[in-house]
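S.K.: Have a look at this one.
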Amino acid sequence: MTDNIIETRGITKSFGSLKASDDISIDLRAGEIHAIIGPNGAGKSTLIHQICGGLAPDAGQVLLGGQDVTALTTAARARKGLGRTFQISALAMEDSVLENVLLGAMGASGRPWRFWQAIMGDRSLRERAEAALERVGLMDQRHIRTSALSHGQRRQLEVAVALTLDPRAFVMDEPMAGLGAEGSKNLTGFLDGLRAQAPILLVEHDMDAVFALADRISVLVYGRIIATGSVDEIRTNADVREAYLGEEA
Amino acid sequence: MIRESYLNAALLAGLLAVPLYALVVDEPFTITLATRAAILALAAVGLNIALGWGGLVSFGHAAFFGIGGYSMGILAFHAQNFVPLDLGIMVFDGTKSMPIIWLVAVLASALAALLIGLLSLRTSGVYFIMITLAFAQMFYYFAISWARYGGEDGIPIYVRNDFPGLNTLVPIQFFGICFVALLLALWLNARLVASPFGLALNAARQVPVRVQTVGLDPTRLKLVAFVMSGAITGLAGALFADLNRFVSPSMFSWHLSGELIVLIILGGVGRLMGPVLGAVMFVALEHWLGGLTTHWHIALGAILLGVVLFARGGLIGLLCGPRGQT
């Protein structure tokens with residue numbers, strides 16, 4: 001039980017007559033990458049929002065490290081160790097790359113209420129921020145305005161901001177979205193090593209990446225988890241083939 | 001960045017040089033104009049913290065300007081008329097001392113900004129604009145009906161308040177006070193922008209959801225910015241009242257809230273010296289064009305239109321490029 005870093009218990013969410021989440025119970029264990037796949041409109045984003053705090057479930061619970069966080073805000077969940085990346089980059093585009101990771105480092109430090117001292121002069125924040133940039137390979141771009149980054153670099157920066165939080169778990173919403181084959185391969189390699197630091201709940205459309213990375217896969221269709229299992233189990237599952245993979249292959 | 005630093009220095013030097021020149025050639029009215037520009041700039045520096053960095057389009061900053069003005073008006077009214085101010089728990093003689101008046105003005109407007117901000121920040125966008133306007137109008141109508149302090153006629157203050165060691169009735173000395181206040185506010189603003197709080201606030205304006213996911217509360221950041229913003233605008237209100245030696249409900253009027261926004265847009269939203277450039281232009285236009293025609297606002301409108309259409313980032317943006325680091 002205590003192995004579950006993230007756990008949802010019977011999460012249900014309806015929008016009118018549409019059941020976007022139907023009694024979803026999933027978990028994320030230490031050291032693993034758990035991928036959630038499913039066709040468009042299956043309710044993956046709705047699920048992510050409920051785990052991260054943007055959306056309250058109608059019923060059910062979200063647990064983080066065994067603690068019920070269902071009533072907590074997004075910010076409170078982040079402080080409890082949830083590191084999230086967005087499908088569509090949510091970065092401060094007017095700011096430099098370094099400033100974006102500094103924001104993460106400051107959030108992790110929990111000390112934004114300093115009005116007088118210069119943030120660039122805070123060595124511990126800078127070291128933390130630059131270490132994250134170094135890991136994703138954006139150190140040379142640190143003084144560039146974020147809006148000038150390429151799409152792929154923005155994806156890397158998304159990951160870097162999450163790294164500065166040193167979270168207990170990552171929740172990544174389509175980190176590969178819009179990356180070319182090369183970028184996708186690089187990021188796959190990076191995430192492969194990242195699971196040792198903290199487990200990753202990964203929502204992804206790129207099946208090559210999912211099959212290469214996932215320890216477990218859950219398949220979400222019309223708001224329900226229709227199967228959870230290893231890569232091989234999912235590949236050979238008849239329901240999954242029919243509902244999802246069949247359409248693609 | 002370097003270019004902007006030069007421009008900023010030149011602007012401040014210019015704002016200082018004009019009244020000094022006017023002193024030499026003995027044109028006290030020009031000194032008064034420069035003082036007016038400095039005070040409006042100070043008020044807009046306050047608004048710019050909320051608007052430019054917090055992204056809070058407050059259409060109600062006249063509330064804080066007016067509270068600053070009435071802080072001065074009420075304290076000086078009791079002092080000059082020898083009518084003690086009975087606060088219920090204590091009786092106060094009123095005061096003619098500027099530092100005490102400023103302290104009261106800053107605290108009162110900060111408190112008002114806290115209350116208005118707490119309620120208004122539950123909304124955003126157009127609703128935020130409208131609710132801040134509504135609060136300012138409430139103060140406006142309250143002041144009009146406040147018979148004890150002159151109602152619609154306001155409060156005349158016969159002699160300008162005192163500052164230790166200075167003769168505030170000498171125009172250049174009063175200008176000096178306002179100019180130093182402006183410099184201090186700009187310094188505070190510059191430090192704020194470079195601070196951890198400034199970085200978080202800047203991000204809260206651009207991507208609030210990102211700020212949440214690093215564990216910070218964007219609304220709280222904006223509320224603190226709004227309070228600081230209101231406090232600075234309140235100080236400007238106290239100085240403005242002392243410049244005119246007169247306080248009236250028009251300090252609370254939505255025209256003033258609108259003018260402050262116009263100043264910032266003209267100069268450059270979220271640019272340190274945007275409010276200063278805007279205020280200098282505004283006062284200059286008001287003086288020159290206003291001397292030619294009472295319809296000078298038409299020209300102001302045309303210029304504003306030009307800036308919005310062709311110079312996003314205001315005149316400072318036009319001269320120095322878009323805002324942001326590097």
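If you go along the chain as it appears here, the first residue is 1 and each next one adds 1.
Using the three backbone atoms N, Cα and C, a Cβ is placed for every residue, glycine included.
Below, the features straight out of TrEMBL:
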type	residues	note
TRANSMEM	B:6-25	transmembrane segment
TRANSMEM	B:37-56	transmembrane segment
TRANSMEM	B:62-79	transmembrane segment
TRANSMEM	B:100-121	transmembrane segment
TRANSMEM	B:127-147	transmembrane segment
TRANSMEM	B:168-188	transmembrane segment
TRANSMEM	B:223-241	transmembrane segment
TRANSMEM	B:261-284	transmembrane segment
TRANSMEM	B:296-320	transmembrane segment
S.K.: Could you tell me whether the transmembrane segment (B:6-25) and the transmembrane segment (B:127-147) are in contact, taking contact to mean 3+ Cβ pairs under 8 Å with a sequence separation of 6 or more?
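M.R.: No, the transmembrane segment (B:127-147) and the transmembrane segment (B:6-25) are not in contact.
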S.K.: Which listed range (B:37-56, B:100-121, B:296-320) shows the maximal number of Cβ pairs under 8 Å with respect to the transmembrane segment (B:261-284)?
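M.R.: Between the candidates B:37-56, B:100-121, B:296-320, the best contact partner of the transmembrane segment (B:261-284) is B:37-56.
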S.K.: Give the one range among B:62-79, B:168-188, B:223-241 whose Cβ atoms make the most pairs under 8 Å with those of the transmembrane segment (B:100-121).
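M.R.: By the under-8 Å Cβ criterion, the transmembrane segment (B:100-121) pairs most with B:223-241.
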S.K.: State the non-local partners of the transmembrane segment (B:62-79) in its own chain: residues 6+ outside its ends, Cβ under 8 Å from one of its Cβ atoms.
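M.R.: Result: 43, 46, 85, 92-96, 100-101, 104-106, 108-109, 112-113, 116, 132, 135-136, 139-140, 143, 149, 154-155, 157, 161, 229-231, 233-242, 247, 249, 251-257, 260.
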